[in-house]
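Some features that Swiss-Prot has for this protein:
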MOD_RES   Met1  N-acetylmethionine
DOMAIN    1-60  domain 'IBB'
MOD_RES   Ser6  phosphoserine
MOTIF     45-54  motif 'Nuclear localization signal'
MOD_RES   Ser113  phosphoserine
REPEAT    116-159  repeat 'ARM 2'
REPEAT    329-370  repeat 'ARM 7'
REPEAT    371-410  repeat 'ARM 8'
REPEAT    411-453  repeat 'ARM 9'
Amino acid sequence: METMASPGKDNYRMKSYKNNALNPEEMRRRREEEGIQLRKQKREQQLFKRRNVELINEEAAMFDSLLMDSYVSSTTGESVITREMVEMLFSDDSDLQLATTQKFRKLLSKEPSPPIDEVINTPRVVDRFVEFLKRNENCTLQFEAAWALTNIASGTSQQTKIVIEAGAVPIFIELLNSDFEDVQEQAVWALGNIAGDSSVCRDYVLNCSILNPLLTLLTKSTRLTMTRNAVWALSNLCRGKNPPPEFAKVSPCLPVLSRLLFSSDSDLLADACWALSYLSDGPNEKIQAVIDSGVCRRLVELLMHNDYKVASPALRAVGNIVTGDDIQTQVILNCSALPCLLHLLSSPKESIRKEACWTISNITAGNRAQIQAVIDANIFPVLIEILQKAEFRTRKEAAWAITNATSGGTPEQIRYLVSLGCIKPLCDLLTVMDSKIVQVALNGLENILRLGEQEGKRSGSGVNPYCGLIEEAYGLDKIEFLQSHENQEIYQKAFDLIEHYFGVEDDDSSLAPQVDETQQQFIFQQPEAPMEGFQL
């Protein structure tokens, strides 16, 4: 697991936290396996590649109908690309070149399955389109060739590779300075598709020095569609974790993104927030650069945006920033983030609720004042309700938030969580299949029991007030059951809790694990009945 905080913070936490079972690196969590899962999903709010599909007007309809007849007939074995089309493409007549390039472009714009492979497998056709990109005296030909190449690059990685190998990228970057906005916009679109293909393609485009001309375009353009496409391309240049882009090559975009966050256009805002979420996903140095660009207050404001596609990436960016150290987390808190996060916990979208819980869990991994701020914002009652009733993926994040608070909180703060009823939902998590969450719940209960032991000693009664609450929630039965868990850390923790907090005079020797000296591991009696009660 990645290191979440600076060494100084690590040392401080290890000394100050009463519970060392969850180390600081674990408590402050970047997206791990769920981040990977999210990246693999086709997100409705953001496409990494886009095809330019023409809106057909009546004048072009007859020609397009004939073209489609030709395309449909190709499914019977005839080629959609005739020898005549290829000859016209290589003609010296610029009118024929334009007409034929337009034909190719229309074919490549057809839904749902454009004949990309047939086009790229026709010798020298892609190279010819790249040649046409250089024809500064004929901007219409440049535009049509750029459009055709854009749609080829919207395909598979292999199809995108053909466009790169034909030498299109440096020329597209030059065209960002074209005098013709249509050509500029189509070049941006093509570069966005290429950068969105893979980290290798993204880095190649960055190494071709795209950033300065792209930022210049963004600064000067007054055309909304151009700005939208440019911000989308920029977000693709910032995207990716394995590996991430070289930060020095993308960080110069931060001042421009800071300005774009004040746009009134939802599409533009969404891509600007996604770009910031990618830039803030990493070590604290990256987080600091994002903070220094002055975006935090506006990102927090955008948490309340009425369009889900804006609020979601804004929340991701805010969540990434609070994976930083306590000072970085405090910047977000100082922007009045907690009332916004409380509001998002009631979102109709489960993914937003889950992400809000994850963000809060990283705040409760902070210092005691930050835990108190979460208490003062009345967030914990909602978290405990989520812990009881939500989908499992959201309950997991709420469990982290509560256990983190029991790890770093004061006795008074822990008592407050107990008074809200956190014990029963933590006990309920002891029967889930996810071993990590079972450990998180056990650690939360251990922190509560440790406080109860201190209170029993102080009162002179010697009675731990929280043992009874755990027994009432059937927690003791579940902890006993975990002594036969396959995970060594879980069964050892369960055994230790039973022995330390629920021990009886006549110890039942059958509960104690035996030690296999040869394997250096514990051996447990197999339960007679199969383990039940597991939930997904």
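Residue numbering: from 1, along the chain as shown.
From the backbone N, Cα and C atoms, a Cβ is placed for every residue, glycine too.
Note that this is a predicted model, so its numbers are computed, not measured.
For the repeat 'ARM 2' (116-159), the DSSP-based tally of helix, strand and coil residues reads 32 helix, 0 strand, 12 coil. Note on the repeat 'ARM 7' (329-370): DSSP counts are 30 helix, 0 strand, 12 coil. Regional average pLDDT for the motif 'Nuclear localization signal' (45-54) in the model is 66. The DSSP breakdown of the repeat 'ARM 9' (411-453), given as helix, strand and coil counts, is 37 helix, 1 strand, 5 coil.
Per DSSP, the repeat 'ARM 8' (371-410) is made up of 33 helix, 0 strand, 7 coil.
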